[in-house]
Structures are given as structure tokens and as C-alpha cells.
2 protein chains.
Amino acid sequence: MQRKAIGVIDSGVGGLTVARELMRQLPNEQLIYLGDTKRCPYGPRTREEVIEFTWQMVNHLLRKDIKLLVVACNTATAFTLEELQEELEIPVIGVIQPGARAAIKVSQNKRIGVIGTEGTISSQAYTKALHGIDKSIVVKGLACPAFVPMVEDGILEGGLAEETVKNSLHPLKANNGIDTLILGCTHYPLIRHLIQKEMGEKIQVICSGEETAREVSLILAYQKLTFNGDDKPQHEFYTTGDLEKFEKVANIWFEEPIEYLKPVIID
Amino acid sequence: MQRKAIGVIDSGVGGLTVARELMRQLPNEQLIYLGDTKRCPYGPRTREEVIEFTWQMVNHLLRKDIKLLVVACNTATAFTLEELQEELEIPVIGVIQPGARAAIKVSQNKRIGVIGTEGTISSQAYTKALHGIDKSIVVKGLACPAFVPMVEDGILEGGLAEETVKNSLHPLKANNGIDTLILGCTHYPLIRHLIQKEMGEKIQVICSGEETAREVSLILAYQKLTFNGDDKPQHEFYTTGDLEKFEKVANIWFEEPIEYLKPVIID
């Protein structure tokens, strides 16, 4: 079939964790990534703002004739997924349901922790997703507002990062009994090593990125949208904010430098 | 929405490993299971026989107005999935693609082993599924024809089982380098502990059952077929063969006895 791209939107660089997994698990597929770095973080914004900004990103990508949209931001997924799925003619995949399904698969004691932005946690989106499948699951949610700004600034190691992770996770660690922790924000896999260390090796950590890529793979196959040609994909990355900052995190996260990165204005 | 069941078909008791995962990951959903124990194993049968027997099972379940069909048998999936997906109006999920996608997710070195029946291995169904997504994956397939009759007879522990597993897996163990092994037959999770022990703890073992249940969960949500009522599901199990043998394996595999098990004649 004709080459069409998968569109990926995020509030900033966090969605790169999803993009990397898409590139790894679906190496033939082409991505167009748009990060609204300028207005990041979305976590503390109002529902109305998140909906408005998300639609601006979606409309920008629709003009590039994408075949599937990944909302690679938990806050945007929490507030806009249902609306996007109803309005768009292409499949729309968020990051909350894949994380929820993966957690249900691995949890043995049905006690699941979720960390995310204030917006994601207060929306109860994970609790709804988990309880929509199994009402007996106990969900422990915790907002970690310090993580996104830290990751956007490229602070992924060292004393400050460790201390921030420790302080933020304290309430969840004290309130124990969970066997699975969902990283309910696509920025968090960038500090997964710190989170895993703080929570202990026994806790199974679920990364939205890996799980979302797998579900994209299924929906592409189910809708017969998988690309089966031979030409190599040429990924495109766009940011509304600072190019250098974006590139810094991207270069840490990907194994090779991004070839095509452009600034973009959306409104 | 109205209560409708998920249909699950298998050549015998192996599909119970998928059924258990469906019951665990989707506790609100109702199952109707049909195992063609009388004509098991399907592995050494011709393509034509497998297609004929599978359609007989499918037609039997369609009369029970199922909302989604799970082909919980790798051999039947290899030979009939595409045809069933084209012909039926309900979603049809096989066990090969979920296993392939899960293996792609976890494998780091892209060297993946697959064990299954002669039919599944010679059909190259896993190789096609894996290469359909990523042509660079190295696939090592091995038929283990001794496993299904052993499991159908309820021999899941002890010296004979261990010896059979050791002898069968020898060619794959000698030809090393894989980091992931797909159990490409739904009977094999019943002897997963023996397979894992023989292959070593470093090999990541993928069970179709867990992965298929997760993909069923996604497709139910995607097609808006998830049951969201409050009444408890009443699962039904049917076998074309010996009730006692079926019950013996089911009781080992499930935590509580099957409530509703009936013999059935299909043709």
C-alpha cells in the first residue's frame, strides 16, 4: 500500500519515548512527530486549554494525510481521546488504555499504582480504564508535577534528579502493597531507571510507550494499514519550542541523531 | 450493552490456557469454549482437514451468537485465520500475531525462537508474521510433536515430562543465540515451567494465551463490544471427546472447577 505516516502528538519531548518504541517495533512505518514544547507542560493546564491545544496539533497533522494518530501524551489522552475517536476518520490510539491493559496482564495482586501529571491523576482516567475492565482492581494514583519540567530540561541523572524522584514517590512508597506501577506520563520512561530504583526491583514498571507501540501494531494489522513496501521511512519531527532543547533530549533518547527536525507554529 | 459471549475454539484442551487468561484479564466477559478433543492433535493433519474441522467448530459457535471469535489453536490459526477474517462479520483473533508482536516488544537482539506443532512450524506462519513487521528478525523454528499428546494426557510433571521436554528442545538449545522463545502452541503453557527450566532463566518465554487475551481486550474496546453490565458471566465449555480427560486438565489449569461442561457432536 501507499506510504502514509503515523502521526504522533505530545505536549513536548515525552512522546519521543512512544516514537522510539514505534520505530523499534514497527521499523517499516514512517512517523510525523509534533511536540508542543512551547506550551509544555500540559499537566497543570485547564481541560479547555488542553482540548484547544490538542486540536491545533491534530489539525496540523491531518493536513499531512496521516493514516493513524497516536496521542502520545497522557493528559491530552485523558481529556480528548473519546472526542478524537468520534470525530476523526482514522484510528486514534491514546496512551492510557494500553498502559491499563498491560498492567492488568502483569499484576498478580490487582493492586496497581499510577503516577502522572496533576491533570491525568485528577481526571481519574486510569482508574476509569482499569475499572472499565475489572472493578475489583485497587488503584493508587499519585501526581508527580516535578518530573515533566525536569525531563524537558534534560535533567535525567545525578543528585537533583534522584532527590526529586525520591521526594515525589514518597507517598506511594509509604502506601505500599502495589505490585505494578504504570508510568502514566510519556516523559517518565526517560527517568525509569530512577523510578525503578526508588520503588524497588519487585515492582513491575509499565511504560506507555512500549505498550502503545504494540497496540498501534495490532490496529494497523486489523485495519490493513501496515506498510509493506521496501523503501526506508523518513521520519519528520516538529516542535513549537526551542530546537536545541528538543534535540538534546532526542539525542539522549534515540541511538542516532534525528535527521529531520523543524520548528513549527500552530494555532 | 447486551450480554454476548466470546467464542473460543481449540483442537483440544490447549486453548484453556487462552481461556484462563481471558477470564483473568477480562473478568466481566462470558466465554463459550469448544475443544475438538476427539480429533486432537491437529498438528500432524493436512491443511484441508484442519480447515474443515475448524469451520465445523466455527459454525457451531456462530449459532450461539458470539460477538468475537478467538482461534485459540496455532495450527488452526496458521491455516484458517485469513479466511475466517474475510468471511465472518465478527472480529476474529488468532494466537500467532499476538505472540509475534509480544516477542518483537521484548526481544533485544532480534533473534526469536518458535516452538509448535509440525503444521504450525512448516506453515512458517510465525516467520511470516514476524517478517511482515520486521524483515531483519532471525527466526529459529522447531516442531515439538511430542508435547500435545503428553499434555492432552495430563502428564505435566515428573521424569517422563522432563525427559520429553529435554529431548525435544535439544536442537534449539544447541543452536543458541535467541533471547526470546514463543510458545507457538496453546498446549505448551501447561508445561511452561519445564520449558523455561530447560532453556534457562535468561530466555524470555512468550505465552500466546496472555498476549491474545490482551489483544482481545483492545479489539473489544476498539469495536465498542466490551460488556459493561453487572451480572456475572456464566462460562460454557464443550468438548467433542472424553469429558473426564478434559476436566482433569481444566481442573489443574483453572483455580476452581468448571461449572458447565457438556459433550458435543459437531460435523
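Every residue gets a Cβ built from N, Cα and C, even glycine.
The shown structure was predicted, so the numbers you read here are calculated from the model rather than taken from an experiment.
What TrEMBL says about this protein:
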- B:Cys73: active site, proton donor/acceptor (ACT_SITE)
- B:Cys185: active site, proton donor/acceptor (ACT_SITE)
- B:Asp10, B:Ser11, B:Tyr42, B:Gly43, B:Asn74, B:Thr75, B:Thr186, B:His187: substrate binding site (BINDING)
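Here the features listed in TrEMBL are painted onto the structure.
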{"residue": "B:Asp10", "record": "substrate binding site", "Cβ neighbours (10 Å)": "30"}
{"residue": "B:Ser11", "record": "substrate binding site", "Cβ neighbours (10 Å)": "33"}
{"residue": "B:Tyr42", "record": "substrate binding site", "Cβ neighbours (10 Å)": "27"}
{"residue": "B:Gly43", "record": "substrate binding site", "Cβ neighbours (10 Å)": "25"}
{"residue": "B:Cys73", "record": "active site, proton donor/acceptor", "Cβ neighbours (10 Å)": "37"}
{"residue": "B:Asn74", "record": "substrate binding site", "Cβ neighbours (10 Å)": "34"}
{"residue": "B:Thr75", "record": "substrate binding site", "Cβ neighbours (10 Å)": "33"}
{"residue": "B:Cys185", "record": "active site, proton donor/acceptor", "Cβ neighbours (10 Å)": "30"}
{"residue": "B:Thr186", "record": "substrate binding site", "Cβ neighbours (10 Å)": "34"}
{"residue": "B:His187", "record": "substrate binding site", "Cβ neighbours (10 Å)": "30"}
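Among B:Asp10, B:Ser11, B:Tyr42, B:Gly43, B:Asn74, B:Thr75, B:Thr186, B:His187, the residues given in the record as binding substrate, the maximal Cα to Cα distance rounds to 12 Å.
The two recorded residues, B:Thr186 (substrate binding site) and B:Cys73 (active site, proton donor/acceptor), have Cα atoms 6 Å apart. Taking the C-alpha positions, the distance from B:Ser11 (substrate binding site) to B:Cys73 (active site, proton donor/acceptor) comes to 6 Å. Under DSSP, B:Asp10 (substrate binding site) is assigned to a strand (E or B) in the three-state scheme. Each residue in B:Gly12, B:Gly14, B:Gly15, B:Cys40, B:Pro41, B:Cys73, B:Ala76, B:Thr117, B:Thr120, B:Val148, B:Cys185 lies on the same chain as B:Asp10, B:Ser11, B:Tyr42, B:Gly43, B:Asn74, B:Thr75, B:Thr186, B:His187 and has a C-beta within 8 Å of the C-beta centroid of that substrate site, without being one of the site residues. When the Cα atoms are compared, B:Tyr42 (substrate binding site) and B:Cys73 (active site, proton donor/acceptor) turn out to be 9 Å apart. B:Cys185 (active site, proton donor/acceptor) is 7 Å away from B:Cys73 (active site, proton donor/acceptor) when you measure Cα to Cα.
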